[in-house]
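Colleague: The structure's right below; bear with me while I get my questions together.
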């Protein structure tokens, strides 16, 4: 390589796809968008760069280390690391222009300088929906969220998936009833159940100085199994006299009742008392979604209810409920597991190949197809027909039209199905008809 | 404000829209995408952050001052400032995986720390298409590009716009014929014709030590007017015996011939010898597009042909032709000039308002509408009917369904057209039918 040439490469931890994979990626992203819109969520788009003091208003922790932060001029700025903080800032800033309940969706890239490892990305798409209330927000909204998840994953082509539901108040109240006031660390331990098993959880609880008796009660509690109605019944039968617990249980009853009414089949949701969500942020209903046949992928869509979205930016009380799909990681995992494939993905329906001297006919055919809404490309760069067929194959273009002397004289086109190899001489109207 | 509250605000020079405006913004962006796809362009998506040495391989200049550059760990990285450099890097890096001619489109945000001024943005969307050849690329591709511009702007709702076309070789050869070897600065001067007028250009040329005789010839040259055929004829009649000029003129003939064949009406394109494009980058055909009724907006879509895309990353010769729409700025200008309006823009078709005790009926109606593909929202948060009607109005939702005792008993819905105020009691099937 000459010394003037810079090796073309991207930074580690960034995803970049071939166009074929990108087509699939975009299709799936559009499907998510369309489903969010179907349920009345409005789009917003916020700057990728924000003031650091705004993004870190909540305070740093893990996040602060991962953030891409820099100065330009004398301004301290950072790249957003999620879409929730920008939402909080957006709602607080535009409060008087918005109508509540405010349903917004946001599909955009976020940035985290995580440790470099397979399947983890430093730039990734999040697809979020949230419903924000002004002062209060009806619990029925919590029941609608799973129907958005259901509709979206159905439309993405999945059949077997389960939306796990729990309520943080049920957990919190339960812990209070066994004299654990600050349940944050206990919840974090329980949240790891899938990863570290019941023994691992027990060990963590011991390290937190939880009494043996309380640990026993916790184990019994997270062992409650059965149908949703049985779980609710058992929870009720615990006879726990704690206001937070009772409130949570009532919410869980309501959510369970309405989820089904919103059209989510019984097979696709389940109350699971071990779902806690690591974040302290959530205060009521919490969700995680698993692909039944691929549990190792982990939750593909998570979220929950929170009491107050924007405490750091406004005194307005803004409760909300929302979910997020970490789409870049999900796409990577689905591709790795060969659950999705980019084969046969093409936007272009027809490649038109004019022989030498018949470019005019080719262009006219392209015009006619595009006019009819059929995505097509006319190959004007000449060359051997075999090479051009190969080009169509590589791009997964399903149909090819060849135009030469004979076709031009008969005002017809040699129309070839690239999959079957079937070929026939037909008029452009017939081509359009057969493709519509 | 309590001292714990951070004022919610964004950095200057960043665009953030209300959801209503965002709906319009996204619709227009989707229209652009759809048109690009119709012509066989494939999507790519590259990281917003790249290695600085890669992004600045060409060398800095103006760009280097504007770039958002920072270090994380020991890595020197920057935000992309256009989509062309990432394309060059992408094609060089993935050369063996791509099929040529490679038609790619890219819609994404780019970043430039420009001086803060009205209508200039530091984060903005570019919408690019390029056709990249491997070694060579037929001139007919240059003629197809305007048909993409035409199709796109038509679909965006514009009728009166003109795609201005020129050829840098014609200019270069002409300048050689009057003994101006390095025409870079002369071209830059001519490019400013619209802004500084013919006298301004003359003054700039004088300051470049151009002889009076040459200036006279230049003025005559850029004064050539008439129909495209007349301009071509006049250029031919100049009898300039220069290889570059002749090559350029031949290209311009070809492009002019095929543009029309590609379906661009005569009214929508025009050879204009004053169009040069400031960038040295372009080597053949160049394009600029103006809205006839709003010339002050400037070019809304520009581009051209270049000899070699990726000289800084590969020794492969990769000629190409492409255009770019700076969409954020365009959207801002169209809104400012009230050429587009977000009024009446709503994705949600129906707001369903269940009265107290009839939420179940409301949810069922929402399910039925969504099932039929009708975007709808069910208002579950209660409150006075007037307030909720107001909510629908603010969100531009065109139809409202009210369900109460009477409706539930008759298994009907009170269906209201929010614009006309017309209201009728009909079944959900009739609602669906009337909205489809």
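Positions of Cβ are set from backbone N, Cα and C atoms, glycine also.
Annotations for this protein, taken from TrEMBL, read as follows:
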type: DOMAIN; residues: A:24-354; note: domain 'Aminoacyl-transfer RNA synthetases class-II family profile'
type: BINDING; residues: A:82, A:83, A:84, A:112, A:126, A:130, A:277, A:281, A:282; note: L-histidine binding site
Colleague: If you count the other Cβ atoms within 10 Å of each Cβ, which of the binding-site residues A:84, A:126 comes out on top?
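Modeller: Of the binding-site residues A:84, A:126, the most buried by Cβ count within 10 Å is A:84.
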Colleague: Can you work out the mean pLDDT of the predicted model over the domain 'Aminoacyl-transfer RNA synthetases class-II family profile' (A:24-354)?
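Modeller: PLDDT averaged over the stretch: 93.
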Colleague: Cβ within less than 8 Å of a chain B Cβ is the test here; which of the binding-site residues A:82, A:84, A:126, A:277 meet it?
Modeller: none
Colleague: Does DSSP put residue A:126 (L-histidine binding site) in a helix, in a strand, or in coil?
Modeller: strand
Colleague: These are the binding-site residues: A:82, A:277, A:282. Which one scores highest on other Cβ atoms within 10 Å?
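Modeller: It comes out as A:282.
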Colleague: In three-state terms from DSSP, label residue A:277 (L-histidine binding site) for me.
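Modeller: Residue A:277 (L-histidine binding site) sits in coil per DSSP, no helix or strand.
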